[in-house]
Amino acid sequence: MPIHTPRRTSLFQRSKTLPTNSYRRFTSPVIPTFRYDDGDTVSYDGDDSSNLPTVPNPEEKPVPVPSQSPSQRITRLWTQFSLTHCLKFICSCSFTYVMFLRSKVSRLEAENIILLTRCNSSSDNNEMEETNSRAVVFFSVIITFVLPFLLYMYLDDLSHVKNLLRRTNQKKEDVPLKKRLAYSLDVCFSVYPYAKLLALLLATVVLIVYGGLALYAVSDCGVDEALWLSWTFVADSGSHADRVGVGARIVSVAISAGGMLIFATMLGLISDAISKMVDSLRKGKSEVLESNHILILGWSDKLGSLLKQLAIANKSIGGGVVVVLAERDKEEMETDIAKFEFDLMGTSVICRSGSPLILADLKKVSVSNARAIIVLGSDENADQSDARALRVVLSLTGVKEGWKGHVVVEMCDLDNEPLVKLVGGERIETVVAHDVIGRLMIQCALQPGLAQIWEDILGFENAEFYIKKWPQLDGYCFEDVLISFPNAIPCGVKVAADGKIVLNPSDDYVLKEGDEILVIAEDDDTYAPGSLPEVRMCHFPKMQDPPKYPEKILFCGWRRDIDDMIKVLEALLAPGSELWMFNEVPDQEREKKLTDAGLNISKLVNIKLVHRQGNAVIRRHLESLPLETFDSVSCYFLIDVA
């Protein structure tokens, strides 16, 4: 078999040896065309249809391709030419646009590099300026914070410098500025009650501002954020734990410490205010907002029995209000009242600490709205007690609003009673308790069982005295008034013209408008006048007074007004009576005291004074007396109360 050696030819030469159709397919792209026949067969038109695949149909035979006309061939060639040049134009335009975008991107990159360079330089300048501003703020805070302390330390030296500048020699030393400043603060805090709170508020604002500026100087946050952080550190001392940096932590700890100090001071002020309020309530310094109450001014041993009787009197109206004003501690008064251990029956007792001589304290207990005012005598000397009662009456007359109730003043000496009535006027009623008790004791000594009667009448447990107006009885004679009350006993009339009380007036006394009737009744709401009953007239025999016999009376103890009691006994006892005086006062001193009091012993006719010295508490001293010879009324012992 012969061996053929291939010739080496160039690409150009090989292209010339190819067929025409093959050369055309190499130089230009072939645009395939498809023809759709009536059936489902697809045929492909091209220059070399033999080299292209066809879509066979296994069920149908291939259809032969008809020959092309010249016009169709020209149309096909023109279409191929136009598409080729369009693709070339598009490629050239795309390449040109890509080169344009490439140049623009290069220019933008160059501009970006320039801008980055400029921004870096400006940020460096801003950082430098911000650093300088933070440093200025930091040193300003330190200087303004330390400067007041330095000024306060060397405050006293300023006066010396001022004197040196003036070149004056002052022999008299001025008060140091520190003392003046301390005095001014003391006066400010004393005069203005809200000065402490304002000072605390100012200190809080200063701490927040200084702390915020310090945080701004040592951290990278803004001024507003630094001020807010400063407030949070002041309000909550534990919120500074997330700070980063030594300077920020030091400033945060300082602000938190100042906040704790401020809040501790605020708690102290609040605690003091609450304590003062509680102490004011506890000590009875608050105002009494009552009306139609009974006001008792002063404190004495008689207060217990007085409160008991007032409670019984107010029982019918469901209780009342009694206000006590005395120069004692409120808690002590309440404790002493609780020791009485009796039922107040709905009556409220309000104690207030103060002086009845001060108008502010009188207004504090609503003296103008009181229904009745009772001035108790003190346990001091009789003259001192009456002098104090007189001063209380003067204080009452000085109340601008006045008072609507009547005033009852307890006196100790009968000689001082006209002076109090002169100062107080007609609205003042005086009770000389010492004299009244002495007279009652004498009557009880002469009439066995009279003490129980006085106790029932003068108290509120049983029947007592009441005075009230009854307009329907105006124009009645007193003898008709006596039988007009089925549940009360009329005893007298309070005349409206002069305000005096007439006991047991004549039967033909006619009641006038405004007159009040004095009765003995069980309570003020248990009696009322009724229709006049029919009275059958009859004759009553006249009773003769029983004869008087000499009596032997024993007085144990000594009283300041014993001379008045001796005068009363002189008028009541029969001639030949004896008055034994048993006490620890020496005999000669007794006669001297009686003489100084105005008693003329030599003019005593009905009684004879017998003096014995001893102590009535000691039994052997009493056994030395002839106790069996005294009358029964001599069992009432008088204790020295003067």
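Here the Cβ of each residue, glycine as well, is placed from N, Cα and C on the backbone.
Fair warning: this is a prediction, and the values are worked out from it, not measured in the lab.
Annotated in TrEMBL:
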type	residues	note
COMPBIAS	45-54	compositional bias 'Low complexity'
DOMAIN	291-432	domain 'RCK N-terminal'
REGION	45-70	region 'Disordered'
TRANSMEM	135-155	transmembrane segment
TRANSMEM	197-218	transmembrane segment
TRANSMEM	250-274	transmembrane segment
Beyond the flanks of the transmembrane segment (197-218) by 6 or more, those residues with Cβ under 8 Å of it: 134-135, 137-138, 140-141, 144-145, 189, 226-231, 233-234, 245, 247-248, 250-252, 254-255, 258-259, 262, 265-266, 269
Residues of the domain 'RCK N-terminal' (291-432) by DSSP state, where helix covers H, G and I: 60 helix, 31 strand, 51 coil
Mean of the pLDDT scores, which run from 0 to 100, over the domain 'RCK N-terminal' (291-432): 87
